[in-house]
Each structure stands twice: as structure tokens, then as C-alpha cells.
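Database features (TrEMBL):
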type    : residues                   : note
DOMAIN  : 20-166                     : domain 'CENP-V/GFA'
BINDING : CYS27, CYS29, CYS95, CYS98 : Zn(2+) 1 binding site
BINDING : CYS48, CYS50, CYS53        : Zn(2+) 2 binding site
Amino acid sequence: MTLSLHPLIDGGIVKGEANFPGGTLYCHCPSDKVAVSLKSNVAHNHACGCSKCWKPHGALFSIVGVVPRDSLSVIANGSKLVVVDKTAAIQRHACTDCGVHLYGRIEKDHPFKGLDFVHVELSDNKGWQEPQFAAFVSSIIEQGFDPRRMDDVRAKFKQLGLETYDALSPPLMDLIAVFTAKKAGIHFSEVSEVVKVFLSIGLMSRPAMSLNNGSTTIIFITGNAPYRENTYNTSRMIRDATPSLNSRPGKPDIVVLKYHRDSFDICEYILKMIEEVWTSRRSSFLPDARPDQEDEVVDLAFGLHVEMTTAVPEFRDEKIACRDGCERPGEDGVYIDKESTSLISGRAAIKPHIKARTGRFSTRPQR
């Protein structure tokens, strides 16, 4: 008997588009369809064998990914949606007529709160991120699948190039473990947690931005005073937290731009920058101009505010000079000088030693 893992992957996996901007999901009703708009691509898309996720008739697995909560909005016939199980951590909103799950949302304290779970097969748009792995594979046995055929299931996933797990993927399980540890009073370096969470959701689901050779990713980071002077290798940390970047064509470099938090209003501008990058709404924005500002403009692939205190052991030995500029990939504290400007020539006009209050920043798209 032929196995049907899921219609999206039974015939092979179709790669998504690197710069896919999102689309619309529809329920299966013949008319008066529930419609949900997604303003970004999904991340961590995967096959799931659990009994809770919605799957098409005859499929052993669902295909489910996540988007930032702010990227999702119900745009038609939302009155038809009802929560399937109000006791579940993921509140799955299903159409009362056809039964299709349009999205799952977490309201309680949870490691994935802030992410919505969606099924991209409900969209007519093409280009969504392809499945990355298979999760909770053994759970299909609990739903009646013959355990003697599990080797066939795993072999088929392997043939498709997908790793199989009886939980989530290791990076996601790490995030859950960190969340649980913090609840138990165990504390880690805040920077590592922030980078792993936000970059895994945001940057890994977006293409590497190109300045001049198609292989440079620009990451904008601000921090408080201890951060400016720490010895931690920020570029290496970010690469370690985003292994998928290194598997892309050209193995893109990561250039880190550091600025003191007093450069501009963190709450307003960092959040706005992250929103625009995630949702592909790349209308330019600039912090308030100051008299000493010039026309330094940086194209950003991702914005991240790293909030740390001197209580974090890794950041007690403060070595980075109190100046701002462009850090060489992998060389924390080594700034680009006049002889090295070719790395960011053209689109990013960065002076060798821009002070904290002189930067102007833009998320303009590449020309």
C-alpha cells in the first residue's frame, strides 16, 4: 500500500522562494471562505505527526510553519472561526463549516508565544518555505498507524531529504529547554537567547541581503554600555545561532553594525525596523535627525537590540572601544577602515569611525 505522507511532499519537495513576501490562506468552503493574510513567509515549516494539527484527508502528517503574530490578520469571514480545544496550548482556530484550521495562536506563557502556526497549503500563492524536517513521527502510531511500517515512513522522509524526529527539531527543542530552565531559576546569557529566538524566526527565513556581491548579510545591533565594550565575538555568536546562513550559496558573510542604545529611541525604531524586515514592508524610516548627522545609510537585513547587564559573566571584561562602526565578520571589535571599505562599497556609505549619534538608517530594498 502506498504511503501518503502529505500531498505537498508525496511527489517531492518544491523549494520555496528566498524573498517570498507572504500571501493569503483560505478555508475549504465553496463560498464565504474564511481568509487569513500573512505578511511574511513562514519559518520552521515542517511535517508534523501529532494528532492535534489539521491535515488533509488521507495524509499521515500535517505541514505546519510559524509566522510572527503581528504578520497574521483575518481579512474575511472571521465570524466563522472557533477555537477547537480551549484547553490546548495552541489555540487552533477552525472554520465551523468545513473544519479547516486557519491558524493556531498561543495566549498563555509558552516558549513559542508570539508565533502563529499556519498551513501554507491553504494558500494559492507559490513560494512558501518548503518543509525543513519531520516532527513527532512516532505519534502517528497513536492514531492507528501500523508500527511495523514506521521504517518505511522514515525511509520516505529520508528520500525526500528531511530529518525525522520524535519531538521538534533540535534548535526548537533547545529553545523550549531554555524557557523551562529560566522558569526553574537558571539564567543564561541574554544575548544568546535573544539571537537564537529572533534570528531563527526572522533572519533564517529571509534571504541574505546583498550589497555588492550577493553574499553579505547586514545585521544591525544596538546595546547598552556593557555590550559596546565586551569581548564576546558577536559575529561568531550570530553565525552559530543561524547555521542555515552558512548553507546558502556563497556562504554569506555577516557584517555587524554596532551602535550605543542612546543613538535613537530603542522601543520605537528597533521594533519598527524588525517589523518592516519581517513583513517585507521596506518603506524607509530614519531616526530623528541631529545637527551632526550626515548621509550615512545602511541597508539592513535584520535589526536586533541586545539588552545585557554587567551581571552576565561573559560581558564583564569590556574591551571593545567606545566607538561605533562596521565590524569585520568574525573579528569582534575590528572595524572597517579606509582600506577596507570595498566590503561594503556602494550601498552602505559608512565612515570609518562613525560616532553613536551620527548614523542614519534605512531598510530600503536593494536596487
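Numbering starts at 1 and runs along the chain as displayed.
Including glycine, each Cβ sits where the backbone N, Cα and C put it.
Keep in mind it's a predicted model, so treat the numbers as computed, not measured.
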Helix, strand and coil residues within the domain 'CENP-V/GFA' (20-166) as assigned by DSSP: 27 helix, 51 strand, 69 coil
Candidate binding-site residues CYS48, CYS50, CYS53, pick with smallest Cα gap to CYS29 (Zn(2+) 1 binding site): CYS53
Candidates CYS27, CYS48, CYS50, CYS95: member of the binding-site residues with the richest Cβ shell (10 Å): CYS48
Other Cβ atoms within 10 Å is the metric here; tell me which of the binding-site residues CYS29, CYS53, CYS98 scores highest. CYS53
Near-site residues: Zn(2+) 1, ref CYS27, CYS29, CYS95, CYS98, CB cutoff 8 A to centroid: TYR26, HIS28, LYS33, VAL34, LYS80, THR96, ASP97, GLY99, VAL100
Find the average pLDDT over the domain 'CENP-V/GFA' (20-166) in the predicted model and report it. 93
Starting from the Cβ centroid of CYS48, CYS50, CYS53, the recorded Zn(2+) 2 site, name every other residue in that chain with its Cβ within 8 Å, sequence order please. GLY49, SER51, LYS52, LYS55, PHE61, SER62, VAL64, ALA135, PHE136, SER139
How far is it from CYS95 (Zn(2+) 1 binding site) to CYS53 (Zn(2+) 2 binding site), counting Cα to Cα, in Å? 14
Of all the binding-site residues given, namely CYS48, CYS50, CYS53, which is spatially nearest to CYS98 (Zn(2+) 1 binding site) at the Cα level? CYS53
Nearest-integer angstrom distance between the alpha carbons (Cα) of CYS50 (Zn(2+) 2 binding site) and CYS27 (Zn(2+) 1 binding site): 21
Tell me the Cα distance separating CYS53 (Zn(2+) 2 binding site) from CYS27 (Zn(2+) 1 binding site), rounded to the nearest angstrom. 15
